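Contents: one structure, followed by commentary.
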Amino acid sequence: MRFPSAMEKYNNTVVEFILVGFTTDPVMQLVLFVIFLAVYAITVLGNSTLIVLICNDFRLHTPMYFFIGNLSFLDLGLSTVYTPKILVTCISEDKSISFAGCVAQFFFSAGLGYTECYLLAAMAYDRYMAISKPLLYSQSMSLKLCAFFVAASYLGGLINSFIITKDTFSLTFCSDNVIDDFFCDIPPLVKLACGKKGSFQSVLFFLLASNVIIPIVFILASYLFIIATILRIRSTQGRLKAFSTCSSHLISVTLYYGSILYIYARPRSSYSLDRDKIVSTFYTVVFPMLNPLIYSLRNKDVKEALNKLFK
């Protein structure tokens, strides 16, 4: 007796998927290869440098930079999950990805993405404590509490990733295996499914609420308290200084959550895969490159640590 493999257990028809990518024009594919390679190189260099600076410079051993270092690690992982396969797809005639490879890419991308959602919420609480209760900041945001926030973010992200991965690849995929995208994502995979999708949509909306909506509500509440605190500061210079400490995080939250909500929070009837490819590229490839710039360009401590490293 032969037991079915994990792949066959999920699906009896599709054993691989074909990633269409962005274009079939060979010249444009080469151009995209160069662009994505440059973006990936900048992403790896920027995030790796930021992690090294935070680890090596004692001035950056604070709760805020502890979270930023973990955010850089997540961005490094998220970009690595997607970009190498995109580069191969751009220059190779073989556009296929195995069923198991698609499952792995989906699981790790969802896990890292969900973890980042929780981590950004934890960073909002950190900014609230820094601005609203500066005298108690060091005592309240202890290393133990920061480590708990990070560990809880990873645990929540991985658990939810397991749930959505299991439910997505439990769908029945019929003969069509062409994914009109550059990676394995929910909208194109659901479009290929030919089985019942009602229960899956319920799970998807639950995960959207728990991983995106709830963190957004927490972040908005934190910033309401932050704004209330800033308005109580009498001097204009003091208000600007307080706001500048959370401006980078606010930009990061707006860009990340904005693109995710655009992709996953719309009615299924309004999906446009061509338009969604551009938005997906932003939060999967471009955003991880921007984060080190967002958190370092206007940051005096990071600039000084960078100068010290080069000297």
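Yeah, the Cβs are placed from backbone N, Cα and C, and that goes for glycine too.
Taken from TrEMBL, the feature domain 'G-protein coupled receptors family 1 profile' applies to 46-295. On the 0 to 100 pLDDT scale, the model's mean across the domain 'G-protein coupled receptors family 1 profile' (46-295) is 86.
Sequence-distant contacts of the transmembrane segment (30-53), counting only residues of its own chain at least 6 positions beyond either end whose CB sits under 8 Å from a CB of the stretch, comprise 21-23, 60, 68-69, 72-73, 75-76, 79-80, 83-84, 86-87, 90-91, 285-286, 288-289, 291-293, 295-296, 302, 305-306, 309. Annotation source TrEMBL lists transmembrane segment at 30-53 (among others).
The annotation transmembrane segment is assigned in TrEMBL to 65-83 (among others).
Per TrEMBL, transmembrane segment is recorded for 103-125 (among others).
The annotation transmembrane segment is assigned in TrEMBL to 145-164 (among others). Listed as Cβ neighbours of the transmembrane segment (145-164) (distance under 8 Å, sequence separation of 6 or more from its ends, same chain) are residues 63, 66-67, 70, 107-108, 110-119, 122, 125-126, 186, 203-204, 207, 210-211.
Annotation comment: TrEMBL describes 205-231 (among others) as transmembrane segment.
Here TrEMBL flags 243-265 (among others) as transmembrane segment.
Marked as transmembrane segment by TrEMBL: 277-297 (among others). Long-range contacts of the transmembrane segment (277-297) within its own chain (CB-CB distance under 8 A, at least 6 residues past either end) are made by residues 22, 36, 39-40, 42-43, 46-47, 49-50, 68, 71-72, 75-76, 78-79, 82-83, 86, 109, 181-183, 185, 248, 251-252, 255-256, 259-260, 262-263, 303, 306.
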